[in-house]
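First the structure, in the form of structure tokens, and then the observations on it.
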Amino acid sequence: MRQPNTQAEAQHTQPSVGSIAAHRPNTVAATVSGLEPDIDADLDAYEESEESQDGGARLPQGRFLDRERSWLAFNERVLELAEDPSTPLLERANFLAIFASNLDEFFMVRVAGLKRRIATGVATRSASGLQPREVLEMIWARSRELMARHAACFHEDVAPALAEEGIHLVRWSELAEKEQARLFTLFRHRIFPVLTPLAVDPAHPFPYISGLSLNLAVVVRNPVTGHRHFARVKVPPLLSRFLEASPGRYVPVEDVIAAHLEELFPGMEVLEHHTFRLTRNEDLEVEEDDAENLLQALEKELMRRRLGPPVRLEVEESVDREVLDLLVRELKIGEAEVYPLPGPLDLTGLFRIHSIDRPELKYPKFVAGTHRDLAEVESASAPDIFAALRTKDVLLHHPYDSFSTSVQAFLEQAAADPDVLAIKQTLYRTSGDSPIVDALIEAAESGKQVLVLVEIKARFDESANIKWARKLEESGCHVVYGLVGLKTHCKLSLVVRQEGETLRRYSHVGTGNYHPKTARLYEDLGLLTSDPQVGADLSDLFNRLSGYSRRETYRRLLVAPKSLRDGLVSRIHKEIQHHRAGRPAHVRIKVNSMVDEAVVDACYRASQAGVPVDVWVRGICALRPGVPGLSENIRVRSVLGRFLEHSRVFAFGNGGEPEVWLGSADMMHRNLDRRIEALVRVTDPAHRAALNRLLENGMSDGTASWHLGPDGEWTRHATDADGQPLRNIQEMLIDARRRRRGTATP
């Protein structure tokens, strides 16, 4: 396993501006012998505008890192957490499952998008200078390396360590006779009735293989005729991925099915069987127009998604060549897209193993507390959130501050309050048993005006969002689906309340989805406020989303696609002016993805002028830090851990009057051009200081993180020069909350 590197070990080649101008990232052709957060098909071309040059020389070619390579590097960081022996054991299994799930989505969306561009002849070079075919070949080679490392980590490291702790992941041949007998009974009663063997012969065409399904390719022989036949058995996805043969011993469900194939093909000889798994293009393409019912259009597209073309075939490395040739031929997939792996395939099944109740093998339990400004002192009664917000704004930092006693309680109190007249809410992703949805339904049924903007195009949550949209409509909520051609990704909630002779607006602007379950796992920020300017801004924005308002300027918001990119770029340029005048200047950015070329170029310009630029990014980063003459004043860091870093923050020195924004937008074309996104300006000085401290701590050399070098390589910094562990910022925040439950500062 690659050990964490100390700072002293992080030696990167320092390309000059001149060398970068002639540089194009190396591509590696896939070597095949006989035979990967926030992903989007965001493949727009970019040309530096004259305005962005700010009077300086044009920036060099080759200044952008390839985003697909960068995404694969992000998933490699996930894999490094699984490989790290200091990660709790069941969390290592969980990171293996996350890596596999991430890679599934990467192939379904990004690889599928590249193949579509190649097939349609849209061969525009990416900002990194690569043609789609070159990018695809790099992905095939790099993902093959990472998948091999992933399998090795499971087989050689995590599985043996689990066995030492009494959690045995075994194959059928390793089971005792009594265990096999028990599983045969389970097979007869619970598995056999739902299996459907499908033969392939002149009367039975090759069956449809659904995306991400696990399948058995079976070869049988008719003992009468001696003819060999191929059949396919799909492993039902509703069955548990690992079955408990006896306490602490788990076997893959496909092994149990394979051991009893004679039951499915009576009178035939089962000669061989091999597991395979297919990944298909599952990116949605919904053509919208003003007259179309978006709900119906999306439902039709979800049906078409099942038939997307194949983009990856995983097979057990022991697969028979004749069987593999048949699969490749019938599935119409290229040899370069075949990935032979040691079984078991589909290690997303390790999510099931992670759920085993062994707390000593997981991260220590953390229960979020109620934010101090919302908690009733020495009282068991529910806090009056509206009264608290009339006193001061509340800056929330989840999961360290409880979502259920803040944002959820805010909406539940609004639903039950007879003085509340209206609630307006965006929903991008929410849970199946959502108390947020329940509160909105309760409000509508009690006669309140409820507007819900449901983004039914949130990838891979479309079916759930359709379901909740209908449920909300049936209860009397006004449900709208946003603006044609734009996804609504902003996280907004507005409550209008009658208070005496006046109406007061209470608002929530956040970085995360209104999803109580993920709020315990995702790091996010949110601002609760009764500020009239924010309330007026949210009213205007909701009117734009539900009606025909064309308002594009706001008081305390920056809103994409009109003002957000330009607003941030102009503020970065203003830092250059402050720096030249000798005033305090800095740019600090925390995002999931840093890809947008205009924003990256603005950071380069700031660096060239001497402005320090810090970028804290979880996933993709196209920016090259540390290049002399271009970006020597830019640092890029990444933090991964038990919580998924999801907040977006933008902080500027602003000549000594700090300006800080938080909201939903990542620095990607899709967010800035094809989504409704919103950032809110944070005005409370204590909140601004708290957010700047958060950014400083995340970027500190004393914090465990990955550092990005100018060559695009990420280096893990987990120990100091003496080999002592660096501080973990997430654990530091947990400890702070345990010491002083719920404070105003993250």
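Placed from the backbone N, Cα and C atoms, the Cβ positions cover glycine too.
According to Swiss-Prot, the active site, phosphohistidine intermediate annotation covers HIS489, on the basis of sequence analysis. Under the heading ATP binding site, Swiss-Prot lists ASN102, TYR522, ARG618, HIS646. For ARG429, ARG459, the entry in Swiss-Prot reads Mg(2+) binding site. The annotation compositional bias 'Polar residues' is assigned in Swiss-Prot to 1-17. Sequence annotations record features per position, and here Swiss-Prot assigns compositional bias 'Acidic residues' to 37-53. Sequence annotations record features per position, and here Swiss-Prot assigns region 'Disordered' to 1-60.
Features per Swiss-Prot, on structure.
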| residue | record | CB count, 10 Å |
| --- | --- | --- |
| ASN102 | ATP binding site | 21 |
| HIS489 | active site, phosphohistidine intermediate | 25 |
| TYR522 | ATP binding site | 19 |
| ARG618 | ATP binding site | 23 |
| HIS646 | ATP binding site | 23 |
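For ASN102 (ATP binding site) paired with HIS489 (active site, phosphohistidine intermediate), the C-alpha to C-alpha distance reads 21 Å. DSSP assigns ARG618 (ATP binding site) to coil in the three-state reduction, outside any helix or strand. Residues listed for ATP, ASN102, TYR522, ARG618, HIS646, cover a largest CA to CA span of 16 Å. Here HIS489 (active site, phosphohistidine intermediate) is compared against the binding-site residues TYR522, ARG618, HIS646, and the shortest C-alpha distance is to HIS646.
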